[in-house]
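As recorded in TrEMBL:
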| type | residues | note |
| --- | --- | --- |
| BINDING | Gly32, Ser33, Gly34, Lys35, Gly36, Thr37, Arg145, Lys188 | ATP binding site |
| BINDING | Arg58, Lys79, Ile80, Val81, Gly106, Phe107, Pro108, Arg109, Arg149, Arg160 | ribonucleoside 5'-phosphate binding site |
| BINDING | Asn113 | CMP binding site |
Amino acid sequence: MRTIVDASYTDGSKSALSVKKPKVVFVLGGPGSGKGTQCANIVEHFGYTHLSAGDLLRAEINSGSENGTMIQNMISEGKIVPPEVTIKLLEKAIMGSENDKFLIDGFPRNEENRAAFESLTGIVPEFVLFFDCSEEEMKRRLLGRNQGRVDDNIDTIRKRFKVFVESSLPVINYYNSKGKVKKIDAGKPVAEVFEAVKAVFTPVNDKAAA
């Protein structure tokens, strides 16, 4: 059941998503949890469109638009990009697609993002796909694909993991209290992880086709 509430931005404009009513799945997991690989598998097997909030922000910056310059300046000054900016980019990408089901990867990063997304778009996710992986395993994977000074890499990885725990876990806990979290043991090999993912998405796809 897709839940839609009345939604509008601070400038008074209504979110177009409340008309399109897309099916949205949030994909969360720490750095090195393998969610990018699994999103590609889900796109191929289940026909979702994969949207990365980080990729959309980077693309907007690289476009040289006024909005992109504003985002770049905020990041350069160490400021946090307001949720409304990221949400409008997600909305633009969703409205520009003919698909009606989307994986939103790496968003919401925190409770402010979560509350803003539901308030501004009127959309509650179908569920949250959470790739649960130990810090040690994520560290092993990231070091395996990184080059450079090991100490710097480990320090950076620890900081990224700390940010994930402090910011994203409250979001996961919120949706878990609503019965909307599908937790995947992401510490296993890629093929085994996707078997678990398929078990989550197959009933959803069968229900949608009915």
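Note: Cβ is positioned from N, Cα and C throughout, glycine not excepted.
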Top Cα neighbour of Lys35 (ATP binding site) in the set of binding-site residues Arg58, Ile80, Gly106, Pro108, Asn113: Gly106
Cα-to-Cα gap, Arg58 (ribonucleoside 5'-phosphate binding site) vs Gly36 (ATP binding site), nearest whole Å: 16
Among Gly34, Gly106, Pro108, the most crowded of the binding-site residues [Cβ within 10 Å]: Pro108
Entries of Ile80, Gly106, Asn113 which, being binding-site residues, have CA atoms within 10 angstroms of Ser33 (ATP binding site): none
Largest tally of Cβ atoms lying within 10 Å of a Cβ, found at which of the binding-site residues Lys35, Arg58, Lys188: Lys35
Spatial neighbours, same chain, of Asn113 (CMP binding site) - Cβ under 8 Å, 6+ residues apart: Pro83, Thr86, Phe107, Val171
Binding-site residues compared (Ser33, Thr37) - highest count of Cβ atoms within 10 Å: Ser33
Other CB atoms, at most 10 A from the CB of Gly36 (ATP binding site): 15
